[in-house]
Amino acid sequence: MIINHNMNAMNAHRNMATNTVATGKSMEKLSSGLRINRAGDDAAGLSISEKMRGQIRGLEQASRNSQDGISLIQTTEGALNETHSILQRMRELSVQASNDTNTAEDRGQLSKELDQLTQEIDRISSQTQFNKMDVLNGKGDEPFKANIQVGANSNQAIEIAINKMDYKSLFSAQRVEATTAVADGVELKKTANVKLTVDGKTVEVKADPKEDKTLTKEEFISELNKSINADKDLAGKVEASFVDNKLTISRVDGSEEKMKVKVENSTGGTDLGLVETDSAMKEYKVDFKSHLVATSSIKEIDRAIEKVSTQRSQLGAYQNRLEHTIKNVDNAAENLQAAESRVRDVDMANEMMTFSKNNILTQAAQAMLAQANQQPQ
């Protein structure tokens, strides 16, 4: 007779407990959809899965960051589109003002619209914002810069640089000047000319062979500029003027090169000056006061249009790059999600089979335990 121990009942109870625990784990996996719910399920697998999850969430955020970057670019590009329209209108006005059928009063009326347009360029530059950031105003002379985080890890950013687009920035040109003092009354004899040599190119203010003539400063400058503009190598690149009672020769073609200037009165071969200059940035003033000035303004506006076009092209390149970045990041996140799923997610069909097996065994153990408890003591 069995008094203290019912071995059959104990064996049935042990198997029932084991099957109950296994059934519970299967139910947990089936209800959560995860093969790994705690480190005890698969320590190494859990570590790998968590690293993958960090990468996946980082890539998803990087994709959103890139979308924000595109929004910034689109905001900026929209403002520059309007700047382009303004510059085209300014060019149209310059062409109109270049026509000498216009009186001084007519040109004055055109200048009123020009002034408003230049103010609007400055307003667009100073007030165009994205998330309260001035995207077209830069920091001093430095461009606006933004780093777009396009990866899940450090040092995975794309820098966007946007140049300042106010009037001064669009119409600043490299202006190189050489100055020398010249007394009023430049004598031009029948056999004498005044020569100007700029970087090896020589132009002359020629004397009238019929009469001796003494020119005022204004007359001399007028004659000198006519000679400069008649030279195809210097026309539109160099201009002469009097500034603070000094003859000033300016390079206005945007070149950053130094300029060597020599002014000579050929009567006695006397040098009026020999100057080598440094370059400096100066703002160009678009003006309609004369045919010559209005015509020069057309060239400067064309340069400004080219600056805006260059910046818009750069923005387009940034946007196209970010669009490809988004596709790549989304693809990487998708593939990494699939890999993480294989590590952590449960195989529902296989786990359902395991659950059914353990559930049947648990029920069988319960039945056998009941039978064992009915055995004679």
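Positions of Cβ are set from backbone N, Cα and C atoms, glycine also.
It is 315-349, from the ranges 175-209, 315-349, that TrEMBL records as coiled coil. Panel annotation: around the coiled coil (315-349), residues 29-30, 32-36, 45-46, 48-49, 52-53, 55-56, 59-60, 62-63, 66-67, 69-70, 73-74, 76-77, 80, 148, 150-151, 158, 160, 162 of the same chain, lying at least six beyond its termini, place a Cβ under 8 Å from a Cβ of the stretch.
The average pLDDT the prediction assigns to the domain 'Flagellin C-terminal' (298-377) is 90.
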